[in-house]
Amino acid sequence: MPRPLRLGVNIDHVATVRNARGGRHPDPVRAAKLAAEAGADGITAHLREDRRHIVDSDIDRLMAEIRLPLNLEMAATEEMLGIALRHKPHASCLVPEKRTEVTTEGGLDVVGQFENLKRYVCELGAAGVRVSLFIDPEPAQLDAAKALGAPVVELHTGAYCDAPAGAEREAELQRIVRAAAHAEAIGLECHAGHGLNYETVGAIAAIPTIVELNIGHFLMGEAIFVGLGNTIQRMRAVMKDARAAAGATA
Ligand code: PXP
């Protein structure tokens, strides 16, 4: 039996549209409620230092109003640590953050930032928050995450999704396949995300040791055309079919 694969719905870009006009509409918390009804297993939100999409009051309301586990994506900064320790979400995913980037461009350099990250992993873990580190699919980064004591890694799938279909994308996929096997071998729970859509999600969902996918931008964009509930249900179905087919051939 293949292991279940969870879908975390990232609601950041509902807030991006809201913030384009100020005001309250569309409300990311309403999107989170709809995602829960449509079968999401968790809600993900990235509170950025510049508050370009999700803002502090969104996190307050998500914690108060949503029953699904919240995965709070955040940079390893003093300010974000304080916010996470105050709210104690189910999980915190530590991500690199640059003010000038459009989105999270690459994984966290856990090897290079090892000493700096220790405190964040320790304090969040001690508060009962499940810590995950968003990393590129590189064995050295996985080993460093394990040495830090993080229970979870999330593999950055951006390079795979951005690569043109064919040999280049396949090579990126194989990096993720190897990294997910390495995560299992060293005892890390493995998640994945960034840039996934209906076309790219199947090969990732078929990797048996990946147990959670976090998806946002594509879901919110597609929702404009067919609605958020339909989009999430279809994404779940694509993930489920790919997982089942991989289990059947394993
Ligand atoms: N996982 C992490 C850690 C992210 O930073 C993001 C983007 O905010 C995602 C998943 C979701 O990426 P996308 O919005 O491209 O689906």
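Just so you know, glycine gets a Cβ as well, placed from its N, Cα and C.
Noted in TrEMBL for the protein shown:
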| type | residues | note |
| --- | --- | --- |
| BINDING | ASN10, ARG21, GLY195, GLY216, HIS217 | 3-amino-2-oxopropyl phosphate binding site |
| BINDING | ASP12, HIS13, ARG48, HIS53, THR103 | 1-deoxy-D-xylulose 5-phosphate binding site |
| ACT_SITE | HIS46 | active site, proton acceptor |
| ACT_SITE | GLU73 | active site, proton acceptor |
| SITE | GLU154 | site 'Transition state stabilizer' |
| ACT_SITE | HIS194 | active site, proton donor |
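Overlay of TrEMBL annotations on the structure.
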{"residue": "ASN10", "record": "3-amino-2-oxopropyl phosphate binding site", "DSSP (3 states)": "strand"}
{"residue": "ARG21", "record": "3-amino-2-oxopropyl phosphate binding site", "DSSP (3 states)": "helix"}
{"residue": "ARG48", "record": "1-deoxy-D-xylulose 5-phosphate binding site", "DSSP (3 states)": "coil"}
{"residue": "HIS53", "record": "1-deoxy-D-xylulose 5-phosphate binding site", "DSSP (3 states)": "coil"}
{"residue": "GLU73", "record": "active site, proton acceptor", "DSSP (3 states)": "strand"}
{"residue": "HIS194", "record": "active site, proton donor", "DSSP (3 states)": "coil"}
{"residue": "GLY216", "record": "3-amino-2-oxopropyl phosphate binding site", "DSSP (3 states)": "coil"}
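Residues within less than 8 Å, Cβ to Cβ, of GLY195 (3-amino-2-oxopropyl phosphate binding site) and separated from it by at least 6 positions along the same chain comprise THR157, GLY158, TYR160, CYS161, ASP162, HIS217, PHE218. Here the recorded positions are HIS13, ARG21, HIS46, HIS194, HIS217, and the one ringed by the most other CB atoms within 10 angstroms is HIS194. Pairwise Cα distances among ASN10, ARG21, GLY195, GLY216, HIS217, which the record gives as the binders of 3-amino-2-oxopropyl phosphate, peak at 25 Å. Taking a Cβ distance under 6 Å to any atom of ligand 1 as the criterion, the recorded positions ASN10, HIS46, ARG48, GLU73, GLY195, GLY216 reduce to ASN10, HIS46, GLU73, GLY195, GLY216. Working note on the binding-site residues ASN10, THR103: by count of other C-beta atoms within 10 Å of each C-beta, ASN10 ranks first. A Cβ within 8 Å of the Cβ centre of ASP12, HIS13, ARG48, HIS53, THR103, the residues given for 1-deoxy-D-xylulose 5-phosphate, is found for these other residues of the same chain: ASN10, ALA15, THR16, HIS46, ARG52, ILE54, GLY216. The CA atom of ARG21 (3-amino-2-oxopropyl phosphate binding site) is located 32 Å away from the CA atom of GLU154 (site 'Transition state stabilizer'). The binding-site residues examined here are ARG48, HIS53; by Cβ neighbour count within 10 Å, the least packed of them is ARG48. For the recorded positions ASN10, GLU73, GLU154, HIS194, GLY216, a Cα-Cα cutoff of 10 angstroms around ARG48 (1-deoxy-D-xylulose 5-phosphate binding site) retains GLU73. If you measure from the Cα atom of ASN10 (3-amino-2-oxopropyl phosphate binding site) to that of HIS53 (1-deoxy-D-xylulose 5-phosphate binding site), you get 11 Å.
Taking the C-alpha atom of HIS13 (1-deoxy-D-xylulose 5-phosphate binding site) as reference, the shortest distance to any of the recorded positions GLU73, GLU154, GLY216 belongs to GLY216. Geometry remark: ASP12 (1-deoxy-D-xylulose 5-phosphate binding site) versus GLU154 (site 'Transition state stabilizer'), CA distance 18 Å. Ranked by Cβ neighbours within 10 A across all protein chains shown, the recorded positions ASP12, GLU154 are led by GLU154.
The Cβ of GLU73 (active site, proton acceptor) lies under 8 Å from the Cβ of ASN10, THR44, ALA45, HIS46, LEU47, SER92, CYS93, VAL95, THR104, PHE134, each on the same chain and at least six residues away in sequence.
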